[in-house]
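Just below is one structure, and these are the notes that go with it.
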Amino acid sequence: MAAERQEALREFVAVTGAEEDRARFFLESAGWDLQIALASFYEDGGDEDIVTISQATPSSVSRGTAPSDNRVTSFRDLIHDQDEDEEEEEGQRFYAGGSERSGQQIVGPPRKKSPNELVDDLFKGAKEHGAVAVERVTKSPGETSKPRPFAGGGYRLGAAPEEESAYVAGEKRQHSSQDVHVVLKLWKSGFSLDNGELRSYQDPSNAQFLESIRRGEVPAELRRLAHGGQVNLDMEDHRDEDFVKPKGAFKAFTGEGQKLGSTAPQVLSTSSPAQQAENEAKASSSILIDESEPTTNIQIRLADGGRLVQKFNHSHRISDIRLFIVDARPAMAATSFILMTTFPNKELADESQTLKEANLLNAVIVQRLT
């Protein structure tokens, strides 16, 4: 192996006339392939673009110091150093034999951008395509709001004294019912739409959405929401914050319930006013009044909030009042209730008593559900 390398070195020097150290440099760079080394030598311009940088020997160094090594560098190496920053973005480069021109170059996968760089690209791309920065929505204490243009009607003054002023109606802005306003919030680890869930920057399903934002376009999924209307998209920068899911808006209870306080709450069906009036008239006609006997008027306060007034004879019994209530409110037939006086508050338990015996002449009776 050593003999083959020595033979290649001699041939390289014989062909190019270069010094042995320089010949060895090109052969080592080409993996000791003579043809590749010669091609690299002539492509680099031979003697014209080779600079030998020798390390100066300090005067204070003694004779016993080991001789310094020479480093041979081409101008191409200097250019390569200037391009290192660009190569970092493109991916790491690998060389499989030969020089930069004659060998095979392999470029690795591009370096992934951090979320901070990704957000920068989104804002930069949006601005390049016409997006503008707006003031924050919230105002500090004492901060005045921006004036809004007048949108009402007014009077156009006449151009001459004899011309009368004319009223001019203001033009109303037409807003489509399909217009959509969306807030895109860019967080440290992802993005969200309005008060929605966090969506990752690295999720492939979100790549098309983010690319549309970077190009200054409205993403397709937002256009579908508008159904042909206008989409207003606001972008908020929260890249230094972790995603926090907003609290849901308070919703008042809209269901049904029962009022506390009654021993056995019941739901009573109500009829239409016309049907109710018909039932009350039928109930009143069912009470037979003997005009030759003394009469009295009884006021009845019903459990459903209604009020009935009926004429009775003194000889009518409390049970007749119960029947009258059931006829006036047929829904009460299947409901358990009692009758009570208002003052003093006492239950009328013995319904066989007459109104006179129970001292209910011209009285007020209350119905209570049980």
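Glycine is treated like the rest: Cβ placed from N, Cα and C.
The compositional bias 'Polar residues' annotation in Swiss-Prot covers 54-73 (among others).
Annotation comment: Swiss-Prot describes 261-287 (among others) as compositional bias 'Polar residues'.
Note on the domain 'SEP' (179-244): mean pLDDT across this stretch is 86. Taken from Swiss-Prot, the feature domain 'SEP' covers 179-244, and the record attributes it to sequence analysis.
Taken from Swiss-Prot, the feature domain 'UBX' covers 291-368.
Swiss-Prot lists Ser74 (among others) with the feature phosphoserine.
Residues or ranges marked as phosphoserine by Swiss-Prot: Ser102 (among others).
The phosphoserine annotation in Swiss-Prot covers Ser114 (among others). Counting every protein chain shown, the Cβ of Ser114 (phosphoserine) has 11 other Cβ atoms within 10 Å.
The phosphoserine annotation in Swiss-Prot covers Ser140 (among others), and the record cites a large-scale study or a structure entry as its basis.
According to Swiss-Prot, the feature phosphotyrosine maps to Tyr167.
The phosphoserine annotation in Swiss-Prot covers Ser176 (among others), and the record cites similarity to another entry as its basis.
The phosphoserine annotation in Swiss-Prot covers Ser192 (among others) and is backed by a large-scale study or a structure entry. In this view, Ser192 (phosphoserine) is surrounded by 20 other Cβ atoms within 10 Å of its Cβ, with every protein chain counted.
Look at Swiss-Prot and you will find Ser272 (among others) tagged as phosphoserine, backed by a large-scale study or a structure entry. Under DSSP, Ser272 (phosphoserine) is assigned to coil, being neither helix nor strand in the three-state scheme.
According to Swiss-Prot, the feature region 'Disordered' maps to 54-116 (among others).
What Swiss-Prot lists as region 'Disordered' is 261-289 (among others).
Under the heading motif 'Nuclear localization signal', Swiss-Prot lists 109-115 (among others).
Here Swiss-Prot flags 172-175 (among others) as motif 'Nuclear localization signal'.
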Seminar exercise, completed: One finds that other Cβ atoms within 10 Å of the Cβ of Ser272 (phosphoserine) number exactly 8
Problem set entry | Alpha-carbon spacing, Ser192 (phosphoserine) to Ser114 (phosphoserine), which is rounded to whole Å | 18
Problem set entry | For the domain 'UBX' (291-368), residues assigned helix / strand / coil by DSSP | 16 helix, 27 strand, 35 coil
